[in-house]
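Copied from TrEMBL, the annotated features are:
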- 86-480: domain 'Major facilitator superfamily (MFS) profile' (DOMAIN)
- 88-111: transmembrane segment (TRANSMEM)
- 123-143: transmembrane segment (TRANSMEM)
- 155-172: transmembrane segment (TRANSMEM)
- 192-209: transmembrane segment (TRANSMEM)
- 221-242: transmembrane segment (TRANSMEM)
- 248-266: transmembrane segment (TRANSMEM)
- 308-328: transmembrane segment (TRANSMEM)
- 340-363: transmembrane segment (TRANSMEM)
- 370-386: transmembrane segment (TRANSMEM)
- 455-476: transmembrane segment (TRANSMEM)
Amino acid sequence: MHSKTNPEAPWSSGCWPQRKASPGWCCLGPSDSAPPPRSTGLLAPAPSASCSDLSWVLLRRLPRMQGAWAPRDQGESHSRMGALDRPLVILLTYVLATIEFTCLFMQFSILPYLSRNLGLDSIAFGYLQTIFGVLQLLCGPVFGRFADQHGARAALTLSFLAALVLYLLLVAASNPALPGVYLLFASRLPGALMHTMPVAQMVITDLLAPEERPEALGRLGLCFGVGVILGSLLGGTLISAYGIQCPAILAALATLLGAVLSFTCIPTSTKGARTDAQAPPPGSPRASVFDLKAIASLLRLPDVPRIFLVKVASTFPSGLFMIMFSIISMDFFQLEAAQAGYLMSFFGLLQMVTQGLVIGWLSSHFSEEALLRASVLVFIVVGLAMASMSSIFHFCLLVPGLVLSLCTLNVVTDSMLTKAVSSSDTGTMLGLCASVQPLLRTLGPTLGGLLYRSFGVPIFGHVQIAVNTLVLLLLWRKPMPQRKDKVR
């Protein structure tokens, strides 16, 4: 006859509830095995077995059942991953990134026509772009810290809901009965929370081993290329056929779908077990999302300043050129609007091939240090060609090298920076990385316009040669360290 057990007895040290008169129950340590079988029949209990014995068997098997699909180096954190396994979570992350980029480029198709219909001039249109860029620049690192603390599900859902508000404001701004100019400027404000790309990078970084990251992060560039092509084509086609409101309505519906998928299918957290060890003890004050000192401290970690400097400096000259490309295509290359659209589609196609196929092959055959040096060297060669180009044909010849160097350098530096920080700070670091493009969009129009008016198109090639030559000398004098894993 079994004695009664205390229902509130602790389950610490791997000990199961003891029963004084039952020979089949004992205190199990971490290395102990299951209790001895009571009979030779399969799952047939002995006469003295009870429901508690069957519960013991199920509880002993449960950790193994939960950990069947757990990603490497994530330990017991798989219990927070939700219903989908790791490959499906990564695939869904790619789908969500594609939805975000497609809607974003549909918005880029809407803005010029909507601004013109509302009577805004080029200066006011520049203010629209600057407001969006400044908000993304300032809020990117903070949003990355939010993703680190509250998880991928909350961050992605919030990002898509912010995008939904933006597209609904665009729909309202196109209504003649409403104050369209005010609504158009108000539609820039949700951009502070639209950071799907760094959160998607965080999910992939958390779920994959370091050697798998460059190829997987490169596939996000494939999603970007798909978004460029689909968004540009859908935006232009729908505006011509159904008016300005149609692309904004479609984008709002797509982002609503993205929010639902994020909330229902993305795991609450993708951080590994090492992150749990770094969490503050119960009862201690939680670190603030707006702790700017903690964000800035990441830039003082070993090797991070040099990698970040290479990332910003190498891409800045070509970024200036790309920001001014819409004006250069009209003034210098004398392209029509349709021809400029075809050229942008060519850009997107090259980026899809490069980040979806080429970077994965390169990362499996060469080290990150070698790829970084090669990217900077290709930048120099492209700068030489850019300084002497005189026609659109010449530009088309140098575009593959420009896209290859841009994509490779961005993927490699993102991978190196995520290895330089702990697993609890990958979102914050990727938020800092994502701030580079808003920085270009903020400073680029003014600086690029000044250079273009003063010196013409060749100045962009000269600046690219000078800056990347200095970066290459820096890399050659002091090579980047090769990290195999995150900082503990």
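Start at 1 and count along the chain as shown; that gives each residue its number.
Each Cβ is built from the backbone N, Cα and C atoms, and glycine gets one as well.
From a predicted model like this one, the values you see are computed outputs, not experimental measurements.
Contact between the transmembrane segment (340-363) and the transmembrane segment (248-266) is absent: fewer than three CB pairs lie under 8 Å, with pairs separated by 6 or more positions in sequence. Below 8 angstroms of C-beta separation, residues 82-84, 89, 92-93, 95-96, 99-100, 102-103, 106-107, 110, 152-153, 156-157, 159-161, 163-164, 167-168, 170-171, 174, 196, 203, 234, 238 of the same chain, each at least six residues beyond the ends of the transmembrane segment (248-266), sit close to that stretch. The listed stretches are 88-111, 155-172, 221-242, 370-386, 455-476; of these, 455-476 has the most Cβ pairs under 8 Å to the transmembrane segment (308-328). Note on the domain 'Major facilitator superfamily (MFS) profile' (86-480): mean pLDDT across this stretch is 84.
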